[in-house]
Structure formats: structure tokens, C-alpha cells
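**Q** Let me begin by handing over the structure; questions about it come next.
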Amino acid sequence: MAPTLAPFAARWDAEADRRMALRTPEHLKALMDAQKGYNSARSTAATAKSQRTAARAASKNPLSTVRRAARTADKAARTHRDQAKTKLKAARKDYPATLRARAVQAHAMHAVPGAGISALGWDQAGAWPVAGSLALIAANVAALVIGRRKVAVAVADELSAEERRLVERLDPSYWAQHADERGLVGTVTTPVQVTPAGLVTTVRLDGRWKPSAFKAKHEEIRALLGARTDLRMEIKAGSHGDRAVITLRTRSAADGIDLTGWTPGAPWGVDTVTGEPVQVPLGRRMLIAGTSGSGKSWSTRALLAEGSEYADHRLVVVDPKRVEAINWQHRARTAISIEDVLDVTDELVEEMHERLELIPRGQDVIQISPERPRITVFIDEGAEVIAMAKKTRAKGSKEEPGDPDWSRIMENLSTLARMARAAEIILIWATQKPTMDAKGGIDPQISAQITYRAALALSTSGESRVVFGEDATEKGWHAHELPMPGVAMLRSGPKVQPHPINTRAFSPADVIALPDRPVWRRQESPARSAGASAPAPLRLVKETAPAAEVPAQPTKAPTNREKVAAAIGTGATTVADVATVTGINKGSVSKAVKQLLDAGEVLRSEDGSLSVVTQVGEVSA
């Protein structure tokens, strides 16, 4: 009963204190002066009234001087009396009676008549009038006594100092006494439950409240609890329409779990609410966003290690910034320069089309194997790759073909996002700037195809909506409120809860220490490299050795420079001819030709034709 009656007792005491604060000697003196002035004004008004009556009786002429003077004096006396009465009321308001005196007067108004009725009409009325009055008096006193009780909140010893303070303020007795101060009157909490993820309490709402309106008061609730500004607080609808649930994330169910390093099959992270491991299955197109310093690179490396570990898996890393790509060169195909990025995306598209033709009837995905492995394509950073594709092409000349169409980079990646899942070519797109504007790091066509969406700490709620959808704010996907570094949210379906996840931390040194694994390249046959038109079937650089054995070194695939030299040796004399023979884009051919010219392995004649130097002083015909 104490929490229920606490607001009444608090208001009673507040009014009593207000009245006592006004009962000062100055206000008492003003009241006495006002009472004296009012008594004098009443006496004057009574005298003026009697004089007017006498003048009216003495003369029948209403316009006589005596009657007019008496009438004017009476009117002035009455006006003065009214003014004195107004001043008296103001003085009484400034020096009010005590609340106890008012309570006695109020109860006397019903107790005295009730006692008289009971005494005079006992046989007819019975004892109920006086009994009812006594019950009202007893209820008033009991409400004050119970409402003023200070309930001691039992707090578990294992709670931290912050949790103990929050538990005390979430207790119904404290909440009911202070809710009115924060505009939360009509709400009352239930005893707090301590869970592995923090403190949880259910709030009962009266008819003035809806869960959505209560949620909108999150600032007032935080102030009432005295909670830290950076403490994660969740408010949502309860099990019934008149209830809401407050959750304070003072704890993490992932505390004490070691998430450093990586081993095959290890979870990507641990749910801080449930404590369950979070697995990200291979073969899922994925978006990973996180502002600078959020731990995006450290959190992503475990996924890349898993995607390059097995015999039927290969990894491609596209990193224009170079920093991440160089760590994976011993177990992934890396593309750093714009020419390399265009080459690898061209190869991936060709590989995709070839695989799609191999899918048998009745199946929707190609079966992966060491010969046809799943290829995970990791894009880091998305904004840089998009900027690459917007680079202005250099115009060609008669001798130099100019730059290739760099916009083909994004065309290839969009094609892979739309069509390559069935070919087991999986795109993982990472960016620090998850926006879709001109300088953003997400392409709308690619984003539309992604089903797994992860975000570490972001800058704004708008970025959270871009990553998780337009309902992110409504459903609680507030990645912009996550702490840094290494805490993420993962939305992999409509029923997934927005729980923070402590992700695995994998350092660059850990990546470099990983064992070598086969590197994927779309290899061509010697006839194709020499100028034949028919493409050779896909061959991997090497096979994966058994797990118990050290993997064998891969057979080195011919480089673009070697292919260009071989094509020139077979009779190709211009850059355009070499590009046609080798299937390499013209920009990469021009780059390789320049390297061969600088090394003296190829000569350019006056008419611009190319030839290979076979021996000292000799040129191939």
C-alpha cells in the first residue's frame, strides 16, 4: 500500500510545508493590519448607510443637497469596504491556516452533524452517520501514516554500486514518490529482475498512458533514474497493452568469454543479451558497416579466415587502400590497383557465367568442390571502389588505346550481387560510410541483394536506417548508439532481435600467422595465351593438401606480362591485337607492354609495331 499512498502523502506534506513557509511574522502583521482596516471600513460603511437612511427620511426631494451628500458618502464607504475585503483575502492567502487546522475544520463539518443525527435519531438513523465520519477521519490518518513509510529496498550484495542505485530508484516506493516530478504520474514500476544482460522492470500504465507515449519520455525516465547518458536503455511495449518494459544494459552476457584470435568453426561473436554464440554461415551475401575506429576490420577478419580455410573455399580481397589486402596475400587473391580490380571483376563475371551454365536442371545452386570452390569476394572499402568506377578515362591514340571503361567495375560487382549467388560467388561489402548519396559507400543495386546486414558503431540514426532498413529506429536497431570498438548488431531476418554482439577480435599479426592456402585465379590454357580463340576450362592454381599435411606450394599462373610477351612472340604487333589474343583489357595490356619495353624484352619499330627480342641483337620476325 505504501507505493499507492505515497503520492497522496507527498502532496499533503508539500502543501503543509508551503503553508508553514508562508506563516511568517511579516505576513501575520499584514493580516492583522488588513483585518483592522476591514473592520474600520465595515464600521464606516454601516455609519454611512444609516446616515443615508436618515437623510432619505428627512427629505422627500431626491435632489436635495442632504440626500445627495449622504448618497455619495454611502457609495464611497461601500467601495472602501470592498477594497478592504479584497486586501483581507489576499492577506489571509499570504498567511494561511495550517493544513492540520483545515483538516480538523473539514472533518468537524461532517462529524458534528453526524454525531447530532446519531444522537437525536438513534432509532431511525442508527449509528452510521457518526461511524461514517469516524471512518473518514481514520482513513485520512491511515493514508498519511502508510504513505509516509520509507520502504527499505532489499538489494543483492553482488550488484555493483551503479546497479544498487538503479535498483533502489526502480523500486515502486521510490518511483511512485518521484514520478510526478518528471511528468510520469500514472505509472508505477514492479520489482526489478536482475538478468545476465542487466536490469529489467515492468511498468504499469494507467488510462492516460500508452506504451509509445511512455517510450517517448525516455529522457525524463533517465533523469528520474539518474542513469549514465551512455548507459543503453531500452523501452518497449510489455505483455499487455497497459504495460511497458524498461531494460538497462548494465551487464553483458558475453562478459568473461574470450573472443581473441580465431580457430576454424569459431563463432563470429557472442550475443550480449542471451550469451549465445553468433554464427555467420558462409555463402551469405553480407553488408558490414562501421565508422572509423569501430573495429570493423578486426571483426571482419574472422569471416575472411573462415572463407579461405577449406579446400572448397577461396577468397578474393579488393582493397584500394592496400592496408588490409597485403595481410591476405598468402591465402587470397588480392586486387589493389584500379587495373587489378577491373581484371579480377572481369574474371569473376566470366567465372559466374561459366558456372551458371553448369548448374543441372532441378538445382538452383552449383555444388561446390575443390575444382569449383565457393569464392568469397570481400570489398574493402566500398566508397573507394565506387570512386574508382567513376574515374575519368584517358583518351587513346593511334599507338595507345587509352584507358578501359572503369565503370565496368561497378557493372561487374552489381552483376555478381544479382546473379552470382547461384554460382557460389558471394559478395561481402564493407564500408565506413553507409550512405547512398554521391559520396556514399553503398551502391543501391548491390544493397538490394544483400540479406545479412551487420553494423558496428555508426555516426547517425540515418546510417542505421540505410543499413538495417527504414524500420530500424522503430524496431530498435540503433547502431549509432553502440559502444566502440568491437560491438555490432546483425540483422539476418525479420524475427531477429536487435541485440548487441561482442565480435571476435583478429589482429593483422594473427592473419599473417595463418597457414598458406590456395589462391584462386581463372587460369587460361597455353593455346589461349598464345593466340587461340577458344577458352580453356577452369583450372585452379593448386589443390588443397590434406589437413594433416603442409599444403603444397601452388603452381604459378602466367602473369599478364608473360601473356603479353607470348602473344607478341606469336605475331601480335599492336596493343589492340594483343588485347584481342589474350582477352586482357587494353589498359592492362598497355601497362604490361610498357614494362616489357623498359626491360628491353620488347622493341617498338618506327611504325609502332611490336616485336620480341629473342637473343642479343636479334628480333623475332
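Backbone N, Cα and C define each Cβ position, glycine as well.
It should be emphasised that the depicted structure is a prediction, and the values quoted were computed from it without experimental measurement.
What Swiss-Prot shows for this protein is this:
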BINDING   GLY290, THR291, SER292, GLY293, SER294, GLY295, LYS296, SER297  ATP binding site
DOMAIN    275-465  domain 'FtsK'
TRANSMEM  126-146  transmembrane segment
TRANSMEM  564-584  transmembrane segment
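Are these features on the surface or tucked inside, and what are their neighbours?
**A** In the three-state DSSP assignment, the secondary structure recorded for SER294 (ATP binding site) is coil.
If you look at the transmembrane segment (126-146), the same-chain residues 6 or more away from its ends with a CB under 8 A from one of its CBs are 1-2, 5, 8-9, 12, 103, 107, 110-111, 113-115, 117-118.
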**Q** Residues with Cβ closer than 8 Å to the Cβ of THR291 (ATP binding site), same chain and 6+ apart in sequence?
**A** GLN432, LEU456, ALA457, LEU458, SER459, MET484
**Q** Please name the residue among the binding-site residues SER292, SER294 whose C-beta has the most neighbouring C-beta atoms within 10 angstroms.
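**A** Buried the deepest by this measure is SER294.
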**Q** Whose Cβ lies within 8 Å of the mean position of the Cβ atoms of GLY290, THR291, SER292, GLY293, SER294, GLY295, LYS296, SER297, the ATP site, other than those residues?
**A** GLN432, LEU456, ALA457, MET484, PRO485
**Q** What is the number of other Cβ atoms found within 10 Å of the Cβ of GLY293 (ATP binding site)?
**A** 11
**Q** Any same-chain residues 6+ apart from GLY295 (ATP binding site) with CB under 8 Å of its CB? Would you list them in sequence order, or say none?
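**A** Sequence-distant Cβ neighbours: LEU456, MET484, PRO485, GLY486, VAL487, THR503, ALA505.
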**Q** Ten-angstrom check, please: count other Cβ atoms within 10 Å of the Cβ of GLY290 (ATP binding site), all chains counted.
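**A** The answer is 31 other Cβ atoms.
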**Q** Under 8 Å between C-beta atoms and at least six apart in sequence, can you list the same-chain neighbours of LYS296 (ATP binding site), or say none if there are none?
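**A** ILE288, ALA289, GLY290, ALA430, GLN432, LEU456 - these are the non-local Cβ neighbours of LYS296 (ATP binding site), listed in sequence order.
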**Q** Which chain-mates of SER297 (ATP binding site) that are at least 6 residues away have a CB under 8 A from its CB, listed by sequence?
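**A** SER297 (ATP binding site) has long-range Cβ partners GLU324, ASP380.
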